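Chemist: Copying in the features that TrEMBL gives for the protein in this structure:
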- 4-121: domain 'Response regulatory' (DOMAIN)
- 144-209: domain 'HTH luxR-type' (DOMAIN)
- D56: 4-aspartylphosphate (MOD_RES)
Amino acid sequence: MSKSILIADDHQLVRKGLQLVIREVLGFNSHVEFAENGTQVLEKLKAKKFDLLLTDLSMPETDELGMITNALSTSPGLKILVITVKPDKVFATRFFKAGVMGYVNKSESDYVLSEAISVISQGRRYISHSQIELFTNALIKNALDSPFDKLSNREFEVTLMLLKGFGAIEIAKSLSISASTASTFRCRIFSKLEINNLLELNHLAQQYQIPVDFENG
């Protein structure tokens, strides 16, 4: 039985490349559609049932973690594979907790991507060898949990924007919330992290290897 796959990335070249990989792994009878941002992803999921979503994270009109949770609530049973340049060490755990079946960095080989697609299409979670080591080390060092783990997904999202230099108005526009709500998030984040200003936030982020300036993808 052919599968229906939605590929989401804001670069046409990447979308076409992923389509070729999909057809190599799942067969040429696989039905593939495309989305360029998070809004299009949710619109397509509301209009049609897909078996698998391959998605980038940093796309226009996209609340990254929000898109994942909304996609799963809109389409129960949807299998999601995240393909991104964002480092596993910082982001993978949060997205697995949000419900994705796999998290593949764009620096990985074609073999890893093909294996992830094959495993996830069979309904199994794909965790790479490097992620197994990462998660194992995290369990062993549980007593040294990052203070950023105290943050909710939305608070973590706002934290990343603060680290990029976004102000309350920019955050509000990006997340479709009011500026006062964005300011409330900032106060809550500072309280949970026990810091008083953005300089301390930057120092804490560097200490726990949260990327202050990371490439989108």
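Each Cβ is built from the backbone N, Cα and C atoms, and glycine gets one as well.
Just so you know, TrEMBL annotations are computer predictions that nobody has curated.
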Chemist: Per DSSP, what is the helix/strand/coil residue tally across the domain 'HTH luxR-type' (144-209)?
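Modeler: Going by DSSP assignments, the domain 'HTH luxR-type' (144-209) contains 49 helix, 0 strand, 17 coil.
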Chemist: Using DSSP, what is the helix/strand/coil residue split across the domain 'Response regulatory' (4-121)?
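Modeler: Across the domain 'Response regulatory' (4-121), DSSP assigns the residues as follows: 59 helix, 24 strand, 35 coil.
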